[in-house]
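Please read the structure below before turning to the comments.
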């Protein structure tokens, strides 16, 4: 349908601009030639980016308006996560992929991770045969000198190494975890280390914040992190923080949601997060949630379901960091003394419970951020502190605009589903549901879950995007293996 005709059928006769970009204004005007001319004039005055934003908002608010005008039973159906259909879509993908996926031949560990993690988020597991097949396949992707390639016999690469390790951790159990060669992995990570402090994605490959994060995430999970891997890393990531506040892929690049998550998580894992300008980072991150209630990846870009995780996770991490440092969400003042004591008492109890075996690792400097606190989700956002993003609005966008009723999730309306967006939409949905999480054993309140408890997903470990139970199992396993 021509754009102008579709707009007239929506009775839209005007546009307005505000701080969040192009918004539509619905007016109940006529459908005559004068209306057509006004719409044509409005459209001709817009840039390509404005037109694209306008059309996305039309689609999104059309869905929202339909939902709001529907009866209760229809609303309930639209808001349901449709677990059975999601699992059917995921299981089919794990067993057999069509020829259209041949272009992703170098990303096969990613497909394993995206699908297995999505299944785990839904609280389900795969059968023994599928588990054994996945472990065997990923074992054939493991290089003879460490790391994992995109497929059997392919060049080891940090991105697919991260995906393979996360997939095996998600499967869990001795067979999966013991299949990872920690000694050769340590050698591989050292080989990827650059003298600048950063990491290269593969031998002679590009260097960016993705490489830094994936290397440190793997080293942290496998308990092989040391000073050689972390030396100079904070300097490199710090050089990638932009004037906007977010983090780019490399020095001088534009701030981007995915790189911001990678940079922030890596800095927390190496206990150097205080070196970042957290106020500026927080300001940039919260302004990426637009009128659609989903997140965009960069300034003046369209909403995308995958940033449900890449942007919401940094928002929660930052707010927990402020709680740890006794600041409010703006970092400009201290929270009340009583709340401060309550936080520290809770934190210390959790740390004593979780880290009895290695008290020497505790940081005695009360002003520094301890990565263990974020690791074990022992710091939480007090109810007296308002969330810095709209968690219910974000869930609304994912469930109404990204979810496909027959299974899977997508970028935005009119886009097809895929396993990548399914993984990160579900991951972000979990982050939004558990944003108020007091500890990993406390379920969120009903009011924090759009659609009720039937939509509740498993909580994720925010620094690795692994379901908490599997993360805890892996940490214990690799602690004993050291």
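If you go along the chain as it appears here, the first residue is 1 and each next one adds 1.
Each residue, glycine too, has its Cβ placed from N, Cα and C.
Database features (Swiss-Prot):
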| type | residues | note |
| --- | --- | --- |
| SITE | 110 | site 'Important for selectivity against geranylgeranyl diphosphate' |
| REPEAT | 131-172 | repeat 'PFTB 1' |
| REPEAT | 182-223 | repeat 'PFTB 2' |
| REPEAT | 230-271 | repeat 'PFTB 3' |
| BINDING | 256, 257, 258, 259, 298, 299, 300, 301, 307, 308, 309, 310 | (2E,6E)-farnesyl diphosphate binding site |
| REPEAT | 278-319 | repeat 'PFTB 4' |
| BINDING | 304, 306, 421 | Zn(2+) binding site |
| REGION | 329-372 | region 'Disordered' |
| COMPBIAS | 348-368 | compositional bias 'Acidic residues' |
| REPEAT | 391-433 | repeat 'PFTB 5' |
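Here the repeat 'PFTB 2' (182-223) has a mean pLDDT of 98 out of 100. Taking Cα separation as the measure, residue 110 (site 'Important for selectivity against geranylgeranyl diphosphate') is nearest to 306 of the binding-site residues 256, 298, 304, 306. Between the C-alpha atoms of residue 298 ((2E,6E)-farnesyl diphosphate binding site) and residue 421 (Zn(2+) binding site), the distance comes to 17 Å.
In terms of C-alpha distance, the listed binding-site residues 256, 258, 300 place 258 closest to residue 306 (Zn(2+) binding site).
Cβ proximity to the Zn(2+) site centre (mean Cβ of 304, 306, 421, cutoff 8 Å) flags the following additional same-chain residues: 305, 307, 308, 402, 409, 410, 411, 412, 420, 424, 425. Between the C-alpha atoms of residue 304 (Zn(2+) binding site) and residue 256 ((2E,6E)-farnesyl diphosphate binding site), the distance comes to 13 Å. For the (2E,6E)-farnesyl diphosphate site, whose annotated binding residues are 256, 257, 258, 259, 298, 299, 300, 301, 307, 308, 309, 310, the maximal Cα to Cα separation is 19 Å.
The Cβ neighbour count for residue 304 (Zn(2+) binding site), using a 10 Å radius and every protein chain shown, is 24. Of all Cβ atoms in the protein chains displayed, 20 besides its own lie within 10 Å of the Cβ of residue 258 ((2E,6E)-farnesyl diphosphate binding site). Same-chain neighbours of the repeat 'PFTB 1' (131-172): 94, 105-110, 112-113, 116-117, 120, 125, 179-181, 183-189, 191-192, 199-203, 205, 210-211, 213-215, 217-218, 221-222, 464-467, 469-471, 473-474, counting only residues six or more beyond its ends whose CB sits under 8 Å from a CB of the stretch. Neighbour counts were taken as the number of other C-beta atoms within 10 angstroms of each residue's C-beta; across the recorded positions 110, 307, 309, the minimum falls on 110. Listed binding-site residues: 256, 298, 421. The one with the lowest count of other Cβ atoms within 10 Å of its Cβ is 298.
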